[in-house]
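Taking it in order: structure first as C-alpha cells, then the write-up.
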Amino acid sequence: MKASMFLALAGLVLLFVVGYASESEEKDFPRELLSKIFAVDDFKGEERGCKGFGDSCTPGKNECCPNYACSSKHKWCKVYLGK
C-alpha cells in the first residue's frame, strides 16, 4: 500500500514537471532539467590535488588533504588528531 502511494505521488510529480516544462517559454528547459536530475558523474570529473578521508595512500608521501594523515597500518587517509 505504501509503495503504491509513493509511486502514485512520484507519477503526479513527474506529470507536473513535464507539464510545467512543456508550457515554459524556454525550449531548453526540459533538456536542462533532465541533465541536472541525471548529472551524477559531474562530481567525479573534478579531481583534487589531495586525497580525502578513506582514500588509499602511501605512507611517507604527503598525499592526503590538510587535517588528514596516511595511516601506516591501514594505508588510507584518516583524520589527523595531532601528537
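Any Cβ shown, glycine's included, is placed from N, Cα and C.
Swiss-Prot lists 1-21 with the feature signal peptide, giving sequence analysis as the kind of evidence.
Following the DSSP three-state reduction, the secondary structure of Cys50 (disulfide bond) is coil. For Cys50 (disulfide bond), the count of additional Cβ atoms within 10 Å of its Cβ stands at 13 [all protein chains shown]. Under the heading disulfide bond, Swiss-Prot lists Cys50-Cys65 (among others), citing experimental evidence as support.
The Cβ of Cys57 (disulfide bond) has Lys51, Glu63, Cys64, Cys70, Lys75, Trp76, Cys77 as same-chain neighbours under 8 Å, each 6 or more residues away in sequence. Residues or ranges marked as disulfide bond in Swiss-Prot: Cys57-Cys70 (among others).
Secondary structure from DSSP puts Cys64 (disulfide bond) in a beta strand. For Cys64 (disulfide bond), the count of additional Cβ atoms within 10 Å of its Cβ stands at 21 [all protein chains shown]. Per Swiss-Prot, disulfide bond is recorded for Cys64-Cys77 (among others).
Annotation note: Leu81 (leucine amide) sits in a coil segment as assigned by DSSP. What Swiss-Prot lists as leucine amide is Leu81, and the listing cites experimental evidence.
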Recorded positions: Cys65, Cys70, Cys77, Leu81 - member with fewest neighbouring CB atoms within 10 Å: Leu81
Residue pair Cys65 (disulfide bond), Leu81 (leucine amide) - Cα distance, angstrom, rounded: 14
Secondary structure of Cys70 (disulfide bond) (DSSP, helix/strand/coil): strand
Between Leu81 (leucine amide) and Cys50 (disulfide bond): CA-CA distance (Å): 18
